[in-house]
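*Asks:* This is the feature table in TrEMBL:
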- Ser7, His68, Gly144, Phe145, Ser146, Gly147, Asp177, Gly178, Gly179, Gly199, Ser200: substrate binding site (BINDING)
- His32, Asp34, His68, Asp177: divalent metal cation binding site (BINDING)
- Asp34: active site, proton acceptor (ACT_SITE)
- Asp177: active site, proton donor (ACT_SITE)
Amino acid sequence: MALLASSVIAADYGHLHTQTNDALEAGANWLHLDVMDGQFVPNLTIGPGLVQAMRPIADTHDAWLDVHLMIDDPGRFVDTFAQAGADVCTVHVEACTHLHRVVQQIQQAGMKAGVALNPGTPLSALDAVLPLVDLVLVMSVNPGFSGQQFIPQSTPRIQTLRRQLNALGSDAFLQVDGGVKPANAKRLIQAGADVLVAGSAIFGGSASISDNIAAFRSALTLKA
Ligand SMILES: O=C(CO)[C@@H](O)[C@H](O)COP(=O)(O)O
Ligand SMILES: [Co+2]
């Protein structure tokens, strides 16, 4: 059973309430919120105010707010995002000097702790925290922008991480983010991912949001 996280970065910000509501109504499970600081990645997006504004929509659909922090030294803002209502807070291993401490900080703040890896970062960077985390995020594009091409080398990375999590007896989510489409969704789930993040495949193009989500639903079984 797969979970689909709709990445709000690709939505029309002028119609955010309607579009996020449509996505959850059509069967998306989580709202994925990409926070970028113009430093860790070459783009600027949203902050805690928008996370807080999404909380009532998420509550209406019993959905999680999945916050993906692409910011340097993210420990500075963990409590702020907890107060804003995030359920999951994911930080990049490349952005943390004290990764273990930040994971603990996220969990102590009452959120699920996620750790993300850029495509160029060895999986071994996670070894020390893998037994502790609630979610592992495999970036399948270089972070910063929606609408990029899926990097094929991401699939064997998912397979390896799935084996490692199973060997640890971990029930952490394994999430993949970047270039995820109905056409590669099933392969990614077969490789071992259980949360697919999709932005442009849900909010982009000329088809409706509900048709785009229906295309994911025909490629895989989404959790109700
Ligand atoms: O974190 C990121 C990008 O840095 C992602 O969440 C993407 O923004 C997803 O968009 P698509 O690749 O699905 O269009
Ligand atoms: Co993301």
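Just so it is clear, glycine is given a Cβ too, placed from its N, Cα and C backbone atoms.
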*Asks:* Out of the binding-site residues listed (His32, Asp34, His68), which are within 10 Å of Gly144 (substrate binding site), Cα to Cα?
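*Replies:* Candidates kept after distance check: Asp34.
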*Asks:* Rounded to a whole number, how many Å is the Cα of Gly179 (substrate binding site) away from the Cα of His32 (divalent metal cation binding site)?
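*Replies:* With the alpha carbons as reference points, the distance is 14 Å.
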*Asks:* Of the binding-site residues Gly144, Ser146, Asp177, which ones put their CB under 6 Å from ligand 2?
*Replies:* Asp177
*Asks:* Which are the residues of the chain, Ser7, His68, Gly144, Phe145, Ser146, Gly147, Asp177, Gly178, Gly179, Gly199, Ser200 excluded, whose CB is within 8 A of where the CB atoms of the substrate site average out, their centroid?
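*Replies:* Output for this site, in sequence order: Ile9, Ala10, Asp34, Val141, Pro143, Gln148, Val197.
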*Asks:* Give me the CA-CA distance between His68 (divalent metal cation binding site) and Asp177 (substrate binding site), in Å, as a whole number.
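*Replies:* A Cα-Cα distance of 10 Å.
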*Asks:* Using a 10 angstroms cut-off on Cβ to Cβ distances, just flag whichever of Gly144, Gly179 is the loneliest among these binding-site residues.
*Replies:* Gly144
*Asks:* Count the Cβ atoms, other than its own, that fall within 10 Å of the Cβ of His68 (divalent metal cation binding site), considering every protein chain shown.
*Replies:* 27
*Asks:* List the residues in the vicinity of the divalent metal cation site, defined as same-chain residues other than His32, Asp34, His68, Asp177 with C-beta within 8 angstroms of the site's C-beta centre.
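*Replies:* Same chain, not in His32, Asp34, His68, Asp177, Cβ within 8 Å: Ala5, Ser7, Ile9, Leu33, Asp66, Val67, Thr90, Leu137, Val197, Gly199.
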*Asks:* Compute all pairwise C-alpha distances among Ser7, His68, Gly144, Phe145, Ser146, Gly147, Asp177, Gly178, Gly179, Gly199, Ser200, the residues listed as binding substrate, and give the largest one in whole angstrom.
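*Replies:* About 17 Å separates the two most distant Cα atoms.
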